[in-house]
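Q: Sharing a structure below in structure tokens format, with a few things to ask.
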Amino acid sequence: MTAQPRLAFEGVRKEFDVRGAGAGQRFVALEDFTLAVAPGELVTVVGPSGCGKSTLLDLVTGLSAPTAGRILLDGRPVTGPGLDRGIVFQQYALLPWRSAQGNVELGLEGRGLRRAERQRIAREHLALVGLEGFEQRYPHELSGGMKQRVAIARSLAFDPEVLLMDEPFAALDAQTREQLQDELLRIWRATGKTILFITHGIEEAVYLGQRIVVLTPRPGRVRDVIDVDLGDRTVGSSTDLRSDPRFVAYRHRVWDALHDRPAATTVSAGEVAAEKEVAHV
Amino acid sequence: MSSTLASRPPVVADEPAFADPPTLGRRSVFQSAAGGRSVRHALAVAGRASVAIVAFLALWEVAPRAGWVDPVFLPPFSTVARTFAELVADGTLVTHTTTSLARAGAGFAIALVIAVPLGLVIGSSSRVSSYLTPFFEIFRNTAALALLPVFILLLGIGETSKVAIVVYACFFPLLLSAILGVRTVDPLLVKSARSLGIGRVALFAKVVLPSAVPTVFTGIRMAATSSVLVLLAAEMVGAKAGLGYFITYTQFNFQIPEMYAGIVAIALVGLAVNAVLVSVERRLSRWRAA
């Protein structure tokens, strides 16, 4: 059966006024973005900086509205922020004056839950992300990886339909990043959440995604959508998936898609910078 | 200033969300001690902290006795200390200190309850604060003492003018720090809270207000310092009680040890006020990295 997608983008376009430029100057951040994400799917969106990844996220969050097109969550248009979507930011966005527990409770406070109930849910989710025993720590007492775990727990605690992740592991060191990628896959399997994961790392996109959406910059549009089939990837398997030939092939395909530019385009300074950012992955 | 704040870009690096107000290393001095080893550690800290003070007092004692300075104009510290003790015992210093503290406290409290809420409201709107902040900066940077003649002309030399000038001196540091505190809230925290569906009122209470506390406290400390300073000067010009009055009065009457005792009292008042504020600030910002 063809079920209704959990999250659907229909020809989404987003323009901004260019500050300082003459009237009528519009910057197109995102153009004709169409995508359907099935319930329980983990989709990664990869693209260089300037391809409208953050714009895309703001639109799904409901913090800004598309210039044209629609975003549907379970068939209903997104009109504003809501607890049916949880967001994990690159910079954690934890309240520094609240403990790990307090940060996780933040999203639960508007729901009319009893205090004891909030605390129970928060503790459960901190345990889910492997932070049992760290409930009373303040963010400054936690490492980057642990902060991001708290942020993930916070976004899961209010049980959203969709988890949106904006380059969540980009600020972490390589080892912590790989560790958290495995954690995320484990949590995804355990909770069955629909996840839209934005990244500029090709490997990360291939490693996590069931499908990879490749964006091109200025304006951001879909270059390619790649289905990833790497077999049964059980966490803890001894093989190094990243050196598997199939993984390498996917990696190369995404790389090709990212670098395939129209021949007439002159390379601007911004694109060179974008290329560098991709190249370091 | 306001323009740079208004166009503050979103936080890109993993930087702390708040500027650390100057605490001048006091945190480390007050770190709690437990067990015999840390008692010794605390003694060592106290020892290091008092070396310079003891040396200064020794110099003060020796210089007049050795004839380096005229002992009439600078009596030895022991003489001043004895006079200080006598003035405390007969209640003179207590009366003048309470008078001064009552005036400074009243002015400070009035400024606090008006300026901080007003600043929080103004800061909530980037448009309003960009219009008003430069205007308020003028007032903050106009030394309150320069306006003392104006206050005396308008309000006379009674209590009103003295409390009023303290209110003035405290008002603008408090107002501007409250505006700044709200304006410099990490936009990412606001964005993240909004994405959690938190409404405007809850956003203000749960995100904006707590993150403004450290900045507001910087303003509170500045205001408290200037309230004492400005009040003393006002008391020196025209008053019948208060530490400022006491110092000028004793100077005119050539009661030099008494004058120094008054000065010592002022120093102690300043230290006490600062210690109280530091402890309140620590209580309110326990979540911050030590």
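Using N, Cα and C of the backbone, Cβ positions are placed for all residues, glycine too.
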Q: From B:71-91, B:197-217, which range did TrEMBL mark with transmembrane segment?
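A: The range carrying the transmembrane segment annotation in TrEMBL is B:197-217.
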Q: So if I exclude everything within five residues of the ends of the transmembrane segment (B:197-217), which remaining residues of that chain have a CB under 8 angstroms from its CBs? That is, six or more out.
A: 17-21, 116, 119-120, 123-124, 174, 177-178, 180-182, 184-186, 189-190, 277, 281, 284-285, 288
Q: Tell me if the transmembrane segment (B:165-185) touches the transmembrane segment (B:138-158). I count contact as 3 or more CB pairs below 8 A, with pairs 6 or more residues apart.
A: yes
